[in-house]
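Structure, as structure tokens:
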Amino acid sequence: MNKLTQRIDKERLLLGIAAPLLAVVAAVVVTTLVILATGKNPGAAFSDMLTYGSASDSQVYILNKATTYYLAGVAVAIGFRMNLFNIGVDGQYRIAAFFAAVLGGALTTPGWISIPLIILCAMGTGAVWAGIAGVLKVTRGVSEVISTIMLNSIATAIIAYLLQPGKLAELQAGGTVVSTKPLPSSSHFFQIDTGAAGVLWGFIVIAVLVGIAYWFVLGRTRFGFDLRTVGQSESAAAASGVSVKRMIATSMLISGAVAGLIGMPTLLNDSHQFSNDFPTGIGFTGIAIALLGRNNPVGIALGALLWGFLERTTNHLEFEGYDKEILGVIQGVIVLCVVIAYEVVRRYGLKRQQQRVGAELAAQAAAPTQKQEVA
Amino acid sequence: MRRVAKLSAACIATAALALTATACGSTSSEDDSSSSASAGSGKGGIKIGLAYDVGGRGDRSFNDSAARGADKAEKEFSGSIKELTAKSSDTEADREQRLTDLADAGYNPIVAVGFSYATSVDKVAAKYPKVSFGLIDSVATAKNVDSITFTEEQGSYLAGVAAALKTKKAHVGFIGGVDTPLIKKFAAGYVQGVKDTKPGVKVDVQYLTHGSDLSGFASPDKGKEAASGQLDNGADVIYAAAGSSGNGSIEAVSGVKGAWAIGVDSDQYNIPGLSKYKNSILTSMVKNVDVGVYDFVKSVHDGKPLTGNQIYSLAKGGVGLATSGGFIDDIQPQLDAAKKKIVDGAVKVKTS
């Protein structure tokens with residue numbers, strides 16, 4: 001019996017890895033065809049990506065990017081585990097980063113007080129923004145897909161209204177960039193100087209902690225069990241005494257709070273202010289990464305690193321004379337392939353299971369007769 | 001058993017990570033140094049690096065104007081051009097990477113097109129003190145940077161004068177792409193120009209999108225809708241400073257008899273894609289980014305790189321009104337008078 005479980009687990013693991021791997025391989029094939037179609041040499045492109053992507057400054061860049069993307073992936077994955085499609089991560093992190101930046105610029109307290117306050121403010125704002133969608137779903141039955149998309153636009157409008165000179169922002173020298181008041185240098189998050197390779201953001205530590213917390217809470221606590229149960233079957237969860245509505249509201253709040261962290265590596269380690277060129281669209285990247293990582297804490301990390309690697313290396317491909325649209329093609333194909341590959345692998349796994357169960361049943365049917373014979 | 005499998009997966013992942021993080025000590029620039037040396041000796045002449053804003057070459061507007069200047073310099077000094085383009089999801093690190101890649105490969109000068117490069121130019125310029133950088137539409141502090149800015153409000157003032165003199169309904173309009181400080185400069189100058197000429201003329205000011213939503217610079221449909229709204233409201237001269245959204249505005253204006261459109265950045269009367277509507281284009285407020293880029297590249301070629309803030313004002317011909325089509329020939333004396341007042345300092349044009 002022990003041997004059997006071992007075999008199943010290995011198979012599960014293999015099947016789990018197979019889908020993303022299949023997607024990446026398919027993406028490589030499609031990209032090769034696209035580069036061939038533009039009349040260039042794909043082999044040279046891939047080898048350039050590998051050498052450039054493995055240089056030490058590229059590694060630092062990739063880790064920094066992945067820090068942001070990992071938080072985005074986890075924020076989305078929390079919703080996914082509940083069967084909630086939180087598209088609003090994008091608006092949540094932007095509005096959270098904005099208010100955190102305003103607070104951070106106004107604080108004059110020492111860093112060990114300011115930094116936690118800024119982070120808490122971001123998490124709080126993100127949670128409130130996601131909570132609106134949660135409350136609407138629980139009380140009025142509004143689909144979170146619709147409400148979070150709308151809240152994204154509302155967040156954009158609110159930021160645009162407040163991010164103006166004379167309101168909560170100021171005009172910078174040159175007269176073209178509007179930003180919040182910069183954070184005092186005491187409120188900058190710690191970073192690791194790696195010399196020529198650049199500066200590694202200290203926020204990567206927080207991202208790792210978030211990953212561990214995500215794994216622990218979902219996999220090792222009663223709350224996480226309830227959450228996954230609701231995600232798999234609401235009626236079953238309700239029958240076993242779980243308050244579905246409360247779970248929906250809570251998980252939206254947590255998803256929003258983690259979303260609030262997405263803008264923090266950029267704010268605390270890099271820009272130190274929220275300006276009209278703050279990166280946008282990371283919430284949607286998070287959806288792709290959560291899909292790629294199968295909502296698994298390690299998987300999301302690998303997805304985030306892959307995304308960072310692709311951005312770094314395709315930026316350089318443009319420099320080498322390849323078309324800059326290659327990045328979009330690779331990312332799009334990966335996401336598409338991931339969805340298809342999961343379905344293919346799931347069906348294959350199901351078939352295998354059926355065969356195995358069939359074989360077991362057959363063995364069981366055969367076993368009693370043997371016993372009888374022995375007896 | 002499951003736990004062990006998961007644990008080992010986690011271990012492998014972290015080990016792989018740690019390995020890649022430590023295995024390669026050299027930076028990408030060290031790797032590149034050999035190839036860039038050979039590339040540098042391969043072709044003589046000046047090597048111009050261009051880092052575009054979102055949209056890049058082919059946007060018929062801002063980036064294209066910079067490209068024109070670089071193309072002219074390339075031909076004249078028999079040099080070569082390398083172009084990189086920004087994405088909307090860019091962070092500071094991406095912009096720095098773009099400039100660093102160019103500097104590493106031996107491009108000098110390097111032109112950063114657009115205000116979003118302000119911070120990154122400062123950082124990269126400090127790392128490469130021997131390379132000359134150009135920055136358009138913003139001001140940098142590093143010593144080896146030429147900050148190329150324009151007095152859009154002065155050119156827009158003249159557009160306002162022209163609009164006030166040409167309107168028959170005493171009602172004109174302004175359409176801005178996004179409510180950024182840069183576009184507000186256009187609006188402020190335009191409104192002041194109208195009011196100084198004919199105080200009774202009403203001005204509608206409208207922005208297509210707000211804040212970090214930059215789609216207002218690239219949505220002809222939004223431009224068309226906004227212009228139709230202003231036309232229905234009674235305006236008969238519409239000035240659009242909205243990137244390619246302005247094309248939509250011009251299209252809407254051309255559908256109304258007697259209404260005029262005022263173009264922006266390039267002389268839009270002469271743009272092939274807009275030739276259908278050119279008889280409705282009164283004039284264009286031309287912003288000569290190409291002149292700024294060309295001057296800068298030439299200065300580097302001559303061995304005396306420009307630095308500091310080069311302000312391309314109305315007086316220096318950095319901005320002005322296009323006369324193609326001859327629609328403003330009849331009011332040229334008034335326009336010249338207004339221009340003289342600005343150049344002499346008798347009129348100070350507001351920037352916000």
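Including glycine, each Cβ sits where the backbone N, Cα and C put it.
Curation plays no part in TrEMBL annotations; they are all automatic predictions.
Transmembrane segment is the annotation TrEMBL gives to one range among A:227-247, A:248-268, and that range is A:248-268.
Below 8 A, the CB atoms of the transmembrane segment (A:58-80) and the transmembrane segment (A:326-345) form no more than two pairs separated by six or more positions in the chain, fewer than 3 in all. Here the transmembrane segment (A:326-345) has long-range neighbours at 15, 18-20, 22-24, 26-27, 30-31, 34-35, 45, 288, 291-292, 294, 306-307, 310-311, 314-315, 317-318, meaning same-chain residues at least 6 beyond its ends whose C-beta is under 8 angstroms from one of its own.
The transmembrane segment (A:248-268) and the transmembrane segment (A:92-109) are in contact, since at least 3 Cβ pairs between them lie under 8 Å (pairs 6 or more apart in sequence).
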